[in-house]
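**Student:** Heads up, here are the entries from Swiss-Prot:
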TRANSMEM  34-54  transmembrane segment
TRANSMEM  68-88  transmembrane segment
TRANSMEM  94-114  transmembrane segment
TRANSMEM  124-144  transmembrane segment
TRANSMEM  156-175  transmembrane segment
TRANSMEM  196-216  transmembrane segment
TRANSMEM  262-282  transmembrane segment
TRANSMEM  302-324  transmembrane segment
TRANSMEM  335-355  transmembrane segment
TRANSMEM  359-379  transmembrane segment
TRANSMEM  403-423  transmembrane segment
TRANSMEM  463-483  transmembrane segment
Amino acid sequence: MALSSIETALTKHIRSLLQTHFSTKSLKRLACSISLISCLCAGSVLLFALFTPVLQHQLHYTQFQINIIGSFTSIGMYLPLPVLGYLADCHGPVLLSVISVLFFSPGYTLAATVVQNDWSFWYLAISFGLIGCATSALYFTALLTCAKIYPKSKGLTISAPVTCYGLSSLIGSRVLKLSCLQKNGDLDLYRCFKLFSFLYFFLGLFDWVSASVVSIERDVLLRKHEDGENTPLLTDPNQEHENNDDLVPNHKSKFLKFIKDISTYVLLFSLLLSIGPSEMYITNMGSLVKAITPNSLISDQVAIHAVFSTLSRLSLGALSDFLVTNYQISRSWLLLSIIVLGFFTQIFIATSTFVKDQYYIISALSGFSYGGLFTLYPTVIFSIWGPEIFGSAWGSFMIAPAIGSTTFGMVFGLVYDSACGVFAESTTGNCVSLVFLDQLLSIRLQCSTVTHCMEGDLDQKRSLIIINHLHYIKYIYLLILRIHLSRET
């Protein structure tokens, strides 16, 4: 399928330069390397827990206001992904790299201005919405670049950028400890945000180059198919616009089949119930550590979470390929195992099983399950619906985290403000256990959803969707009722 006119315009000069000086094999390695480096730097939003103490004590934000900012971040990260995925499939990932350049630097510049001038938290929420969208665009560019360049190794081509993205929070937590980013013993958010503004501007430009290699690869394959192996790599640019929009109708027909597949919605609902609590934990990790184990360092818990998230992303990607290739074991069983691990993690938090010096166990389990979810879900989707519409398919699934993380985050903020107290020096017991006890219901529904997605006929899947939606409505009602009762007491 030919390059679209937009993709041709964005990559024409870069393709000419790269094809003149590099072989196809070298270009693939270059693109993959740049993509992985981009992922290593892309996870600044995962450091939100390190911003929380400053927002609370210096800007005097409540936990509910902080969760509004976190919700805007999640909405910016996940809600535009269906559109970003569609644009990437039709016009190449290079378009997403351009979007990341346009959103990242202005977003962090606005955030730095808000912090410096003590503007309303709504401006900070808007800035993090832009940052969230830019993060997804940059990360999705790298993910699609690797997946489309090396489509045969599904697990590794997805787990490698996903692993680097998880590792980025570990690197970031160490970088933010530098003395130049500290002020009076606390993190200087103004300097931090300005640093990110400059970093992501140049990183987006490099990602633009790496994404252009995908266009080169597809253009070369197209010409070989049409004209044979002896067709030169460089041709008249005016010829590139002929029949350059046939990708859109072909993509549309495949995407319609994806939308009509009942398994799409079963898996989508499962994702909503799994990523929501995980994203809520990351957003509120700083406050959660303070409430449950005040003596622990937030940066250390973020680092532990990042390490085990990275190990999960790397190991599960390779393990899924190994099990499918050698033992024909479905990736869905690995996914179900990670969901069960998340179930026990919620139990441990709710019952304060590991507190004080043992809280690192909670961070490790949470990080491993979080990384596993973001590795296995896209791998399963890639395996079922293929690389042609992977951008649109995975992007459509990201509606679920946008809804789930916002819902669970708001609930946590309400419970924390009413039960824990934002400015309390210490707390007794686990004042947020209510949130995690209620989340056990969502994970239980999620396990049944994945199980029925692997087995069962079409009628069972349809009935399961209806039942699960009714349970989810009941679940939201119970949360609202319990919050109301806790405020009265």
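Heads up, the Cβ atoms here are built off N, Cα and C, so glycines get one too.
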**Student:** I'm a bit unsure how to read this: which one of 94-114, 302-324, 335-355 has the highest number of Cβ pairs shorter than 8 Å with the transmembrane segment (156-175)?
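**Tutor:** Of the candidates 94-114, 302-324, 335-355, 302-324 scores highest.
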**Student:** Sort out the residues at least 6 away from either end of the transmembrane segment (94-114), same chain, that have Cβ-Cβ distances under 8 Å to it, and list them.
**Tutor:** 6-7, 10-11, 84, 87-88, 120, 123-124, 126-131, 133-135, 137-138, 140-141, 144, 189-190, 193-194, 196-198, 200-201, 203-205, 207-208, 210-212, 214-215
**Student:** Might you confirm whether the transmembrane segment (196-216) is in contact with the transmembrane segment (302-324), defined here as three or more C-beta pairs under 8 A between residues 6 or more apart in sequence?
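**Tutor:** No, the transmembrane segment (302-324) and the transmembrane segment (196-216) are not in contact.
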